[in-house]
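Database features (Swiss-Prot):
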type     : residues : note
TRANSMEM : 34-54    : transmembrane segment
TRANSMEM : 69-89    : transmembrane segment
TRANSMEM : 107-127  : transmembrane segment
TRANSMEM : 141-161  : transmembrane segment
TRANSMEM : 168-190  : transmembrane segment
TRANSMEM : 194-213  : transmembrane segment
TRANSMEM : 271-291  : transmembrane segment
TRANSMEM : 301-321  : transmembrane segment
TRANSMEM : 342-362  : transmembrane segment
TRANSMEM : 374-394  : transmembrane segment
Amino acid sequence: MTDSRKNKRPRKSILRPVTGPNALHLSDIFRNETTGGMLMLAATVAALLWANLGHHSYHFFRELALGPLTIEQWAADGLLTVFFFIAGLELKREFVEGSLSRPADALVPIVAAVCGMVFPAGIYTLFNVLASDGHPAGWAIPMATDIAFALAVLAIVGAGLPQAVRAFLLTLAIADDLGSIIVIAVFFSTGLDIWWLAGAIACIGLWGVMQHFHVDNGWWYVPIFIVGWWCMLRSGVHATIAGVAFGLLTRTEEDVLDDPVDRWQHKVEPWSAGVVVPFFALMSAGVHVSGKTFLALWTHPISLGIVCGLILGKVIGITLGSCLTARFTSAELGRGVVWRDIIAVAVLAGIGFTVSMLMTDLSFPKNHEFADEAKASVLMASFLAAILGGAMLHHRGKSHAMRQTKHSHEVPVAAGTCND
């Protein structure tokens with residue numbers, strides 16, 4: 001959020017007023033990036049323990065029907081829509097007044113994000129096309145970067161780093177989210193029902209019209225969101241697309257302090273970070289680790305493609321994309337950022353997790369063995385990326401802090417060069 005917003009006039013709130021300056025609510029704790037990452041990690045550990053110590057009870061709970069969907073489906077197709085609604089709000093803000101609103105500033109991380117999706121998908125496909133027992137259907141699994149987890153790690157280890165490093169990672173992850181949303185919409189929509197889709201579009205359009213006419217009572221939007229989500233689910237298009245669409249059509253106003261995007265994010269983000277994502281992790285990350293699964297992590301094309309895609313593909317794609325953009329355009333890295341910072345961020349971007357888990361369920365909907373193997377690979381790659389990327393960024397932060405203390409400067413890379 002830009003500093004200019006501090007002087008903007010207030011507007012009537014959508015739901016309730018934001019937390020006062022001298023008050024700390026539980027919801028404020030859940031808005032903290034570190035808290036969200038730790039809850040996700042705790043839910044992942046709990047899922048692994050439950051799946052391996054109580055394998056039958058874990059799968060019984062996941063497959064328990066609750067109305068029209070199983071609990072696992074409620075997590076992936078229902079609750080995760082809230083997470084994508086937050087992603088849509090983030091995208092809207094960035095498009096209007098953030099890093100994606102200034103093409104010159106956004107070009108490097110956007111190209112880096114695209115290359116950081118193409119290279120992992122290419123590496124996975126290469127492993128699985130060349131192998132006789134390969135399964136190319138999982139090509140989309142290593143494409144995503146988990147924005148919540150990556151920013152949580154950066155918040156823990158990023159002391160001393162230039163603010164532009166966080167801005168680069170944020171823009172990269174948001175562009176990555178947009179790419180993942182497009183992939184889900186284009187490649188994982190099945191059995192399209194035009195009438196249900198028309199109903200979803202009508203709800204999304206109604207949301208946009210109400211936003212245009214400044215309808216600020218948030219409770220009017222709740223049934224529209226639910227009906228639009230249900231129509232999207234029944235249409236054959238993945239239901240999370242509805243969340244993104246609602247977020248993108250939410251109004252944001254540069255001259256208003258408490259605009260609708262801020263209000264919705266302020267109210268919904270604690271539920272997303274504190275309930276939705278941890279519960280999705282609990283329902284998705286429960287991999288039964290047998291000797292066969294462990295062996296497959298090091299030998300099977302699915303596992304090799306995912307791990308190499310997230311660890312190597314992200315680094316190669318993001319670094320190469322950034323380098324070529326800086327070399328052949330007038331775009332530059334942020335103030336104080338050097339290429340070693342970009343490489344460290346590229347390693348951290350190998351944290352796939354939330355969207356990679358969703359891609360796994362979409363890629364192998366009927367083969368639990370392949371899905372478990374893929375999820376175990378995502379977990380291992382994400383863990384390695386978090387450790388390696390965190391260590392590298394911590395080292396970079398110390399280097400920046402030492403240079404600042406000595407009143408010396410590490411010269412940023414100028415546009416058109418990529419040799420630092």
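Note: Cβ is positioned from N, Cα and C throughout, glycine not excepted.
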**Asked** Is it the case that the transmembrane segment (301-321) and the transmembrane segment (34-54) have 3 or more CB pairs under 8 Å, with pairs at least 6 apart in sequence?
**Response** no
**Request:** Examine the transmembrane segment (141-161) against the transmembrane segment (342-362) and state whether at least 3 Cβ pairs sit under 8 A, considering only residue pairs 6 or more apart.
**Result:** yes
**Message:** Tell me if the transmembrane segment (168-190) touches the transmembrane segment (107-127). I count contact as 3 or more CB pairs below 8 A, with pairs 6 or more residues apart.
**Reply:** yes
**Prompt:** Which residues of the same chain, at least 6 past either end of the transmembrane segment (374-394), have a Cβ under 8 Å from a Cβ in it?
**Reply:** 44, 48, 138, 141-142, 146, 149-150, 153-154, 156-158, 161, 165, 284-285, 287, 289, 293, 296-297, 302-303, 306-307, 309-311, 314, 341, 343-345, 347-353, 356-357, 360, 363-364
**Prompt:** What stretch of 34-54, 194-213, 271-291 shows the most Cβ pairs under 8 Å to the transmembrane segment (69-89)?
**Reply:** 271-291
**Item:** Intrachain neighbours beyond the transmembrane segment (194-213), with Cβ under 8 angstroms and 6 or more residues off its ends
**Value:** 220-221, 224-225, 227-228, 231-232, 234-237, 242, 245-246, 249-251, 260
